[in-house]
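Among the features that Swiss-Prot reports, L-aspartate binding site is placed at GLU229, ARG273, SER427, ARG431, with the record citing similarity to another entry. Per Swiss-Prot, ATP binding site is recorded for ARG273, ALA274, GLU275, ARG281, HIS282, LEU283, GLU424, GLY472, LEU473, GLU474, ARG475, and the stated evidence type is similarity to another entry. For THR52, the entry in Swiss-Prot reads phosphothreonine, with the evidence type similarity to another entry. What Swiss-Prot records for LYS74, LYS374 is N6-acetyllysine. Annotation comment: Swiss-Prot describes SER249 as phosphoserine. Taken from Swiss-Prot, the feature region 'Aspartate' covers 251-254, and the record attributes it to similarity to another entry.
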Amino acid sequence: MPSTNASRKGQEKPREIVDAAEDYAKERYGISSMIQSQEKPDRVLVRVKDLTVQKADDVVWVRARVHTSRAKGKQCFLVLRQQQFNVQALVAVGDHASKQMVKFAANINKESIIDVEGVVRKVNQKIGSCTQQDVELHVQKIYVISLAEPRLPLQLDDAIRPEVEGEEDGRATVNQDTRLDNRVIDLRTSTSQAIFRLQSGICHLFRETLINKGFVEIQTPKIISAASEGGANVFTVSYFKNNAYLAQSPQLYKQMCICADFEKVFCIGPVFRAEDSNTHRHLTEFVGLDIEMAFNYHYHEVVEEIADTLVQIFKGLQERFQTEIQTVSKQFPCEPFKFLEPTLRLEYCEALAMLREAGVEMDDEEDLSTPNEKLLGRLVKEKYDTDFYVLDKYPLAVRPFYTMPDPRNPKQSNSYDMFMRGEEILSGAQRIHDPQLLTERALHHGIDLEKIKAYIDSFRFGAPPHAGGGIGLERVTMLFLGLHNVRQTSMFPRDPKRLTP
């Protein structure tokens, strides 16, 4: 007589056979073999953002990440995410899905990439948790393309939760270091996707606007033989048997291009600053949007051109990127960015008067501190209702050696900064284009003339009057969106304490 265990084993085998036989959907789900470009099937993958009521009752294929999953009886709800868009998907026991298929779907790890075939169905009640609120996907086939590990270093729902909301109800939020240590996952959040799509828009609008204005895009060297501005805040690199430096600015080369008769130039590229500044707005590497332009009679021709370029960028962002702006504001609420046309321009002495009236003690030739910049921004907003303005005629003593002195007041200079929400985003000036005056100013600043010989020599053969400035891309993004740390708007930030990832 067989043992009880043997009897049980004998009973289990036919049950397994029955279960396998009942899994009529076994060909409709599973883990796909690795895609190694073995074939190119004639299959169109529909974008999640295009799943609307216009596609109701269509059978579509979608590739997306599993954002969340929730099993309930004989059905499983998935939220499928593709960049900043998501849609609800339903796997339910029926003609196309077996209970084994539902179980398989429910157990797919979050962040896995899957291919799904399903029917787009209009829903009676809006799905508030998804961007595609009017439809859901009724799944007929589901295949895992890339399986994520079960333990994630951070949860995306926590990463997009407003900090205030987390503090109020005790739910988790994700701190900055955790985000940056796991940047690839953090960049998947809808907020990060929106930030960097808008930042891409800034570059596009900058380039588009300037090309329409007759500017020429140039590329300048980042490995140079001497510190860009004769200063010490440079990174030194080994260059064969000599030392070289990473460029602090493309300015000297922009000016050389003006001397070479290009008249109007701009460039977009990395800028390196070896400054041990651990603040909310400083990076050791950032993207510079740089402009240089010859003018006819007055450097204000250039100031107006740069200010108008920034205004065109602001208008373009508000017209073309409302979805991204609203996505970011859900997590980081902020007042809409305001600006005037034409741009408000104040002289430095006017700013000093406003600050002194507010109780700040400052000398006439003293530079603005960060707190005073922010205070001035609030005062300007109260008085003029603008977040963007130009501050003109800085004291000569606080500007670099190549800055043109004001001919009427030797203590002032033909220089300017531009501000967004009380923080500087551009520093610029009319450059000295006379080699003799340039030499005098360099010596006044204690700069070794031999190290800037090539720069000074470029003005010896006729140089037009010109001016320009450099804009920090990450700062513009941060301040336009009302964010509080430039690391949020740098894809892989570099600061004195971070060199990875």
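The backbone N, Cα and C atoms fix where each Cβ goes, glycine too.
Mapped onto DSSP classes, the region 'Aspartate' (251-254) shows 4 helix, 0 strand, 0 coil. Set side by side, the binding-site residues ARG273, HIS282 differ in how many other CB atoms lie within 10 angstroms of their CB, and the most is found at ARG273. In this structure, of the recorded positions THR52, SER249, SER427, the smallest number of CB atoms within 10 A of the CB marks THR52. Between the CA atoms of GLU424 (ATP binding site) and the residue listed as 'phosphothreonine' there is a gap of 43 Å, rounded to the nearest whole number. For the recorded site, ARG273 (L-aspartate binding site), the DSSP three-state label reads coil. The recorded positions under consideration are LYS374, ARG431, ARG475. Their Cβ neighbour counts within 10 Å are lowest for LYS374. LYS374 (N6-acetyllysine) falls within a helix when secondary structure is assigned with DSSP. Across the region 'Aspartate' (251-254), mean pLDDT in this model comes to 92. In this structure, the CA atom of the residue listed as 'phosphoserine' is 9 Å away from the CA atom of ARG273 (L-aspartate binding site). Put simply, the two farthest-apart Cα atoms among ARG273, ALA274, GLU275, ARG281, HIS282, LEU283, GLU424, GLY472, LEU473, GLU474, ARG475, the recorded binders of ATP, are 19 Å from each other. Over all protein chains present, the Cβ of LEU473 (ATP binding site) has 21 other Cβ atoms lying within 10 Å. Here the C-alpha separation of SER427 (L-aspartate binding site) and ARG475 (ATP binding site) works out to 13 Å. ARG431 (L-aspartate binding site) carries a strand DSSP state (E or B). When the recorded positions LYS74, ARG273, LYS374, ARG431 are screened for a Cα within 10 A of the Cα of HIS282 (ATP binding site), the ones that qualify are ARG273.
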